[in-house]
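J.: My structure is below; once you've seen it, I'll send some questions.
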Amino acid sequence: MVCVPYLLLLLLPPLLRVSADTTEPCELDDDDFRCVCNFTDPKPDWSSAVQCMVAVEVEISGGGRSLEQFLKGADTNPKQYADTIKALRVRRLKLGAAQVPAQLLVAVLRALGYSRLKELTLEDLEVTGPMPPKPLEATGPAFTTLSLRNVSWATGGAWLGELQQWLKPGLRVLNIAQAHSLALPCAGLSTFEALTTLDLSDNPSLGDSGLMAALCPNKFPALQYLALRNAGMETLSGVCAALAAARVQPQSLDLSHNSLRVTALGATRCVWPSALSSLNLSFAGLEQVPKGLPPKLSVLDLSCNKLSREPRRDELPEVNDLTLDGNPFLDPGALQHQNDPMISGVVPACARSALTMGVSGALALLQGARGFA
């Protein structure tokens, strides 16, 4: 009869006895909107999470410990608590810093299937053991945004397909950063029918070939925004080839913060997606306008590169909104600020962008928040 604490703490574990001399690990703000739990104590008071039952945003950190002790509750059928779970206000949930048995993670997803959760973030997790057998139908949540950062899976590259089968259709935003494996077996992956935003930023080892493996053909038919910041992209031709092979038609492509090389002479000319209208090539280390750009764009961002002269018209595509700020031909000190954003004095746009680059996926999260209620 202790379903709600179990839901909020990898949710549905039994309440443990409160210890009077233990620092309170959970804090709820005055508006009952955000609740943060950090269970770093050697003998954490898990029952402190009860106060998070009234919050809209809940963040729980396991303190790096294993949560295997909660496996005994993983077989509980959450259906008997469906009304209680649905009554929870939580819309955004973040779980992190723990070792989680795959069976327990699935139990969490099954319980969340009765909630009104919109966004789930998993961060700094090690998912251990095999995933349970595929269900007859998806019983997990129908949230719109899923974000994963530094999550490892015992199942290797098959993790996304195995996770996907526990989620109801309708996912619109998927963010995957610092992934241990993005070499996805495409045969085991279902189509993301509603996915409009895919953010694979902050995967520096991905590269052109890795992108080809990650973008399974015909699995992202609704994709509109693709972010590949700091993803080890090497050439525009390699990225273009991966998009063509995946048969995706993004309207916006973010390739900023990659060290892009000039396409080699004689390379096969690639046809960019016809829907592409916005291309971000800022912070790409470009010393000249790269060849092989889409012939027509609404937005082209070439800011914060190393262009020593203003591009000629014949070097550029037909473009409505061109950004060239932060290049040496406009700002002689631009390179110095790009290389050392901590230089004292007035902070130019390129330095500000470099300092905040670690906050990847912000646009994707804002897009996903449209469905937040």
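Quick reminder: no glycine exception, Cβ is built from N, Cα and C everywhere.
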J.: C37 pairs with which of C26, C35 in a disulfide, per TrEMBL?
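T.: As annotated by TrEMBL, the paired cysteine is C26.
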J.: Looking at the disulfide bonds in TrEMBL, identify which of C216, C240 pairs up with C186.
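T.: The record-listed partner cysteine is C216.
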J.: Look at the disulfide annotations in TrEMBL and name the partner of C240 from this list: C270, C304.
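T.: Among C270, C304, the cysteine that TrEMBL links to C240 by a disulfide bond is C270.
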J.: When you measure from the Cβ of C52 (disulfide bond), how many other Cβ atoms are you left with inside 10 Å?
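T.: Around the Cβ of C52 (disulfide bond), 28 other Cβ atoms lie within 10 Å.
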J.: Minimum Cβ neighbour count within 10 Å among the disulfide-bonded residues C26, C186, C240: which residue?
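T.: Among the disulfide-bonded residues C26, C186, C240, the lowest count of other Cβ atoms within 10 Å belongs to C186.
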J.: Taking C35, C216, C270 as the disulfide-bonded residues to compare, which has the smallest set of other Cβ atoms within 10 Å?
T.: C270
J.: Roughly how many angstrom lie between the C-alpha atoms of C216 (disulfide bond) and C37 (disulfide bond)?
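T.: Rounded to the nearest whole number, the Cα-Cα distance is 37 Å.
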